[in-house]
Every structure is written in structure tokens, then in C-alpha cells.
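Trainee: First, the structure itself, so that you have it in front of you.
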Amino acid sequence: MDDTADGVKMDAGEVTLVNHGSTFRTHRPPQSGFPEEQLLLSDQQSLPFRQGTLDGSFTCSTRSPAYRPDYHSDNPSSDSFLGSGDVRTFGQSANGQWRNSTPASGSAPQKPRNSRSLCLETRKTSSGLSNTFVGKSNHHCHMSAYEKSFPIKPAPSPSWSGSCRRSLLSPKKTQRRHFSTAEETVQEEEKEIYRQLLQMVTGKQFCVAKPTTHFPLRLSRCLSSNKNSLKDSLLRNGNSCASHVIGSDTSSSGSASILTAQEQLSHSAHSLSSGTPDVAFGSKDSDPHHHLAAPHQPNSLPASNTQSEGSDSVILLKVKESQTPASSPTFFQAELWIKELTSVYDSRARERLRRIEEQKALALQLQNQRLQEQEHAVLDSVELHLRVPLEKEIPVTAAQETRKKSHQLTDSEDEFPEITEEMEKEIKNVFRNGNQDEVLSEAFRLTITRKDIQTLNHLNWLNDEIINFYMNMLMERSKEKGFPSVHAFNTFFFTKLKTAGYQAVKRWTKKVDVFSVDILLVPIHLGVHWCLAVVDFRRKSITYYDSMGGINNEACRILLQYLKQESVDKKRKEFDTNGWQLFSKKSQEIPQQMNGSDCGMFACKYADCITKDRPINFTQQHMPYFRKRMVWEILHRKLL
């Protein structure tokens, strides 16, 4: 068979590296061998690198990646034919065939193998030199009979690196989307930013467990520039992992092939799953030697960056526990500067808003003052124009105003007469403990006991006897000169009228003409609250007073209906309601109680001021004074 047929057709023991376009043959070693200790020793030996007139020399172990310690074969490995101190080297002859350069340690009968395979395995030499390639496993002497019969001839092929590049990067075999440099850069920068953010937040170092799918060219340049540091890390991790890289000679320095990390990793994963060795290629600028890469163990994840001495490029196969340097705080200097600027701006904005609010408040205050001044000016001008025809009467008006002021002062003094010491002692004596049924005052067919007087002490609620007695004293005072005539109904009157109607209270006014008086006082009890309704015949009005600001127009309508029925029953005529008005005083118009116990006192004092035709000018602060004063008035049956 000719040379072409040798390069194309292969026996069961031949393996063709399609990516390289070269055919390698392996031969079965003889049956005889050496002990297992020698095998282990020969596998662990460092394989020296020879340089001479040949283009390159390679060494290779004879154990397949699928080798396991529990695997037993009848045919021992060819390593058994080597002594413990022997080193196998292979050179390239002038005709392109591989020859054995290792001197024979002894002669032994040889037998061809029944099945032949190409065994590739990753090794790392202890000397840290480049990885080497082994072609055959039975070269224990200069030339064997089998080798003479079946010489190994490499198949003609184009440039090694070019064929590898075309075979691995060919779009026909693997169709994948290639990311642009900009996209890869953006992805890597986003990932780096997120990693640094996690490091700042947690205070821990975060490392990338494996390289990204698309490795940026910028990072590759950084790795090639730091080849010395990578070599040191390779030497330190020599006992944990081993990887070999096959490179190719290039016809020119510009024809170097580049493999991405994604293709290498995917190809390695496929080779591990199928049990075949993984071959990766890369070109070196200054070193034309070839390197073969194969996984060390399927269950181990080695990571090594291999490069030849004097090389300017590096090929990253895997990364194992890569130590990412601590991120520099300068990366976030721009963000910190933005935050600082924003905080300064926010403080200035708050200060500016505060000043604006102050100016608005000041402007509003000045505007109100200006409006008040304008109102006063308008009122003064109107009053001036009205007084011009009455200029001669101005002194008389001034004199009248002076008298009114003096009269108001005397009224205010009479409104709150002072309680003397004797009065104070008498009041305290009544509040002392004693017989609760003791009668302290009796008038108007009413009896006031000590128990009733105790309702005026502190914040107690007033009862019906106290309110009815006080209303009768108001009626008695109205008989005096200068006071309007008053009739006060009993505290049970309105409740009876509302629930039972007019017929239930018809006989209550048998001896009284309600239409002959000026004012009718109607105390209204709402269960837990006292109010007052006032019927003023002089003003034709019915007004409702509530110290809690309540509105009760219904009570006013009930009283108006009562007047109609009372007029028909007593006078035998219809009551004229023309001009009558119903009111409910608002909380802004009358004093309001500030607790939950003075409602009875407020109702009584409303009636006191109304029956004197005086304005209601007391407040919640006057209630303690009014309680003491009412005690004295009830005891003496006389209003102050």
C-alpha cells in the first residue's frame, strides 16, 4: 500500500486527528513487562525537552484518560519496558517520520497489539517547561522490527494552525451567535460592577468561579501582559492539575489563531462526556512547538494557563479558584461625588425653600395688616361723612359714650361680685360631711337638702332640685323693677311635652298666663346633658342654647307648636306665628364648656344673663366661682 493509502486508511489501532490532518499510529507493546512500581515511577518522571537541529521533540505518557486503577490488562503498558531512570524522547527524522532517541535499556521480545489506540494524557513536568507530545508507546529501543515493517508517515496537510483554526472555528460545524466586542465589554463591566457592589455591601471577597462565556479581548491582553505571574501560579499548582496545549507553526507572525474560552470549554466538556481526549490549538509567536491539552480527571476541575517561554500570547483553558484582586475604591469615586453633590444641593434646596416659606408668611402678614388698615380707613371715612351733617351733636355723643363706658364698668363689677370671707366659711361649712337628708333651704314649694347641695361641689352634676330652685329665684327676681318678666318651666316639662304631647302638660299652666310674660325659660334634659330653650315674646324668637355646640331645631318647633295649642286652649284664638324665628346658637356665639360636668351650670348662667338682658360674657374659668356663689344664693334664697 502506498503512502497515500497509509495516510487515509487506518487499522483498528489507528486514530486520525481530523483537525490536524495527520495520522498517528500506536503499536501494542510486547507481552513481557516490568513490575507496577516501575510503571508508576516512569509516569511521574519529568520529560526533558531537547532542542537541536530538529524542529521539535515531544514526550507523551502512555496512559489513556479512560484509565482507572482497577483496570487490568493482559498486555502490560509499554512503560514497563523503561527503567526507573529512563526518559523517552522522540525526534523527527529528515523524512518527517518520528524516531526514538532513547537508548534501549534492554532487549525483550515484542508482539504486536491486538487493538491499538492513541493514548493522550495531560502531564505537567516538575521543571515547569512546556508540555510535550508522545506519538508511540513501544519505542524502548532505537528501532523495533514492527517499526521497520510499518513505518509511521505523517499525512500531508496544510499549516497546522490554519487547519486547526478552520476546523474548530468553522461555522459549518457549530453555529453560534458571536457577540461583538462592545456587548462583551458591557456585560463584563456590568458583572464587575455588581461584584464590587456585593463586596462593598457584605465586606467579603467575591471571586469568579469560572470564566464567562464570552471572554473580552481586553482581559486577554491583560492576561498576556501578566504572563510571569501566571507562570508562577502554574508552578505552584503543578501538583493539583495538568493541562497540555498543542500549538502550531505559523507561516507568518500575523497568521496566529485565536480560540475563545467558550469554544475551548464546550469542546472540553464534549470530550469528557464521550471519553475521548480533548485537543486545543494555539499559535506562539516565538516558539513553534506544539502542545496537546487533555483533561486530568473527569471529576476534577483543573485550571492552568500554559504558555511557552518567550511567548507573547496566552490561551486560557480553565480558571480554578482565581483570586480576583480587591476592587479599587476609585471605581465608585464618580458615584460618591454625585452623592456628595446631591446632598449639598438638597441642603441648599431645603434652605432655599425655608427662606421662601418665611418670605411667604411675612408677605401674608403684611398683606393682612394692609387690608385691616384699609378697612379701618374705609370705616373712618364713612363715619366721617355721616357725621358731617351732625357736627354740632358730636360733643353730646361723646358724653353719652363716656356714660355708657362708666355704666359698663359698674355692670362688670356687679356681674361678678366678690365672695367675702364670711361667705366662704359658710359655703365650706355646707360642703362638710353631715346628715345628707338635712334640709338646708326651702322655698317655692321646693326643699334643698345637704345631698342636693353636694352636687354643686367640685365637678359634680347638678340635679333637678338645684336647677328648679335656681329657675324659681330667677322668676322671683324678675318681679323687681328693671327686669323683664320671666316664667320658667319645670325640668320635666319639655320631656313630658315631647313624649306625651300637649294634653299631658295642659294643666301645668292652669294658674299662669304664659303669653303675659316677656321670657319663657324651658330647661331641657337630654339624658346626660342639660340645655336651655328661651322663648322671647318681645323679639318673637325661640332660641336654643347648648354648651356643647349642639343644634336642636326640633325642640324649637315643639315649643312653637305648644304656643299654638296653648293659645287655642287658653285664649280661644289662633296664635299668630308671623315673624317668629327659630334659632340654635352656634358654638362660636356662646361660651362652651371644656369638661363633662358643667353643662347644668352653663344652662343656669345662660338663663341668668338672658333674664337680666345682659350679654353672656362668662367662660369655663368662672365655673368654680359660680358654683360657690350659687350655694350661697340657694342658702339665702337670693340672687347676688
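Think of each number as a place in line: the chain as shown, counted from 1.
Cβ from N, Cα, C; glycine included.
The compositional bias 'Low complexity' annotation in Swiss-Prot covers 38-47. Residues or ranges marked as compositional bias 'Polar residues' by Swiss-Prot: 54-64, 90-108, 267-276, 297-309. The phosphoserine annotation in Swiss-Prot covers Ser57, Ser117, Ser157 and is backed by similarity to another entry. Feature annotation from Swiss-Prot assigns region 'Protease' to 446-609, 446-610. Summarising the annotation, Swiss-Prot assigns motif 'Nuclear localization signal' to 171-177, 570-573, 624-630. Per Swiss-Prot, motif 'Nuclear export signal' is recorded for 631-640, and the stated evidence type is similarity to another entry.
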Trainee: When the motif 'Nuclear localization signal' (570-573) is classified with DSSP, how many of its residues are helical, how many are strand and how many are coil?
Mentor: 1 helix, 0 strand, 3 coil
Trainee: Going along the chain, which residues at least six beyond the ends of the motif 'Nuclear export signal' (631-640) come within the CB cut-off of under 8 Å?
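Mentor: Cβ under 8 Å, 6 or more out: 417, 419, 423, 426-427, 430-431, 440-441, 443, 448, 453, 456, 466, 469-470, 473-474, 477, 608.
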Trainee: Please compute the mean pLDDT of the model over the motif 'Nuclear localization signal' (570-573).
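Mentor: Within the motif 'Nuclear localization signal' (570-573), the model's average pLDDT equals 90.
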Trainee: Per DSSP, what is the residue tally for the motif 'Nuclear localization signal' (624-630) in helix, strand and coil?
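Mentor: Helix (H, G, I), strand (E, B), coil: 7 helix, 0 strand, 0 coil.
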Trainee: Write out how many residues of the motif 'Nuclear export signal' (631-640) are helix, how many strand and how many coil, based on DSSP.
Mentor: 6 helix, 0 strand, 4 coil
